C-alpha cells in the first residue's frame, strides 16, 4: 500500500544489521549503533494511555503514582506506573531498560511502555497481594513456613540480580510485592530505579565511592557513612526485611530497635521474637545485619540456608490442635538475653505451626513497643539532620543520563561461613554459553516480526531457561554473530502487549477510590551533611545536570565525522519532547534534523490504524496527565 510504513523487525537469520539511507551509521554496510536498536525497540513497544480503562489508583511513591488498569483490546490487568517528575525521566528509562532484560519468577515482570505528554511510564504485571509491608501490617495470619517461603523468594530474586552484575540499592519491604495464588504467597522484587552495576575495587586503583542513595531504614551502615560499598549493602537491607518478617514490626527504629551506629540492636530485638521462631531463621537475620560487609554471606549461600531451614522445619499442626500458651509473649514482656548473636534461645515447640505474632495484631503507630526498663530506645536517624529521621529517600541525581547497566556476572565472591546450621552442598547452576555483543546490554530487544503489533494469540514470553548470560564488554573486538533477535515479550492476548502509536495529549482523570501512599512525602537529592568538600560528592550537582539535559544544541556540519554510537532523536511525534541522547554513550548533542523515517500518527502510516472509523474511541475512565 502506497505511503504505508514497512513493519519494524530485527535482523533475521543470517542477516547483518545495517543502516538505511540517512541513518546514524553513515550509509549502508555499517552496523547500527546499539542506541538506535534500543530506540527502535522502545518505539515498537509503545502504548497509548487511552488504550486502557478502569483506572484505579492503588499507590503513590516519591516519583510516580501507581494505577491498576485494564487493557481494552486484550482485557489484561496491568499496573501503570505514571512518572510525576520530568527530571526523573532518565531514571525511569534506566529502570525500563533493566526490567526489559530481566526474566525471573521473583523479579517483577515488565509488560511495556506508555508515553503520554512527553513522559515515559512503565507497564508491569499486577500483584494482587500488595506490598510486603502491607501484608505484614495486616491481621493476616502468617505461619513460619509462609514467612520462610517469602524470604526465600526475595533471596532468589536478588541472587539472580547479583548474578547479572547489578545490585538493587533500594531493597525495602515497600519494594517487595506479593502475589496471592492457591492459598499461598509469592514475593517478587520490584522498583529498580536506583539499581547500579556492582563495582569492582582493585588494589592500587583509585577507589571512588558510589553515591549515597536508598531508604535510610534499610541502608547499610557503610552506605550511610559515605564509604565504599558493593552488593553486600543489599544483604544488610535483606536482613532488615527478615527482621520485619520475624517480628512483624515496621523498620522504623521506634519499633525495630537499632544502635547508634545504624546496626541492629540484637538483645532488644530478641524481646520482640517469640520462642516458637526457628532459631536458624533468627540467626540468619542477625547475620545479614552484620556491621562488617565482609562478614555478610552472598545470596547464593543465603538461599541454600533458607532451603535447608525449610526442609528441617517440622510439619505444621492444624490450628484447632495447637496448644495456646498461658501467657503469650507480648511486645513489652520477656527478659533480654545477653551474650551476643551466639546466645541460644529456648528450643521452639515443634507442635506450634504458627508464629505467636499471629495471636495479636501488630502494634499501632501510636504505641511503640517497650524493650525493657534497662534499655534506652535509640533512633540514630534522628541524630543527623540530613536524614530527617529516616523518613526520606536519598537520591543521586534523578536527571543524570541513563547509562545502561551491563548484565554481566560479577567477579567470584569469597564464601562467608554462616554461624548457622550445617550448609548443604553448593547449588550447582548449569553453565550457559557466553555470547559476546557490542550493544548496550540493557537495551530493549526487538521483536522479529510484526505479529506482536497485532491483536491475537501471541507467543509466550521467553523464560529464564532460554536466556543467555551476557558478556557485554565494550572493548570486545569480536562482532556480534548473526542470528535471530529474541522477541520482546509484549502483552497481546496472553502475557504480551500490543504495539500501538504514541499517546494523545488529552488530560485524564482517575476513578475515585482509596489511595495507598506507602512512602514518606520528603525527597532528598543531596548527600549527607558535611560531605560537600569531598570530590566524589556527585549528588550535589543534580540541578546543573538537569539543566544540561534539557538543553538542545545545533547539529554539527554534514562534513564533520560521526561516531557510530551517537544520540538519536525519537522518530515518533509522541517522543518529540525527548532528546534520547542519553541512550548513547556519545557525549555529543542530539542532531536537530531527523534522519529516520517519520513515524507520525497519521492514519496512513499507523501500524494498526482504525479503518473507516471517523474518530478514535474515547476512554470511559481516564488517568491524570503527567506534569511535563
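In case you wondered, yes, glycine gets a Cβ from its N, Cα and C as well.
Candidates 215, 423 were compared with Swiss-Prot; the annotation phosphoserine appears at 215. Cross-referencing 35, 439, 509 with Swiss-Prot, the residue annotated as phosphoserine turns out to be 439.
Matching 283-329, 330-376 against Swiss-Prot, the residues noted as region 'Disordered' span 330-376. Mapped onto three states, the DSSP output places residue 58 (ATP binding site) in strand. For residue 215 (phosphoserine), other Cβ atoms within 10 Å of its Cβ number 25. Neighbour count (other Cβ atoms within 10 Å of the Cβ, all protein chains): 19 for residue 66 (ATP binding site). Recorded residues residue 60 (ATP binding site) and residue 215 (phosphoserine) have their alpha carbons 16 Å apart, per Cα-Cα distance. For the pair residue 215 (phosphoserine) and residue 64 (ATP binding site), the Cα-Cα distance reads 16 Å. The Cβ of residue 64 (ATP binding site) lies under 8 Å from the Cβ of 81, 82, 83, 84, 88, 92, 121, each of which sits 6+ residues away along the same chain.
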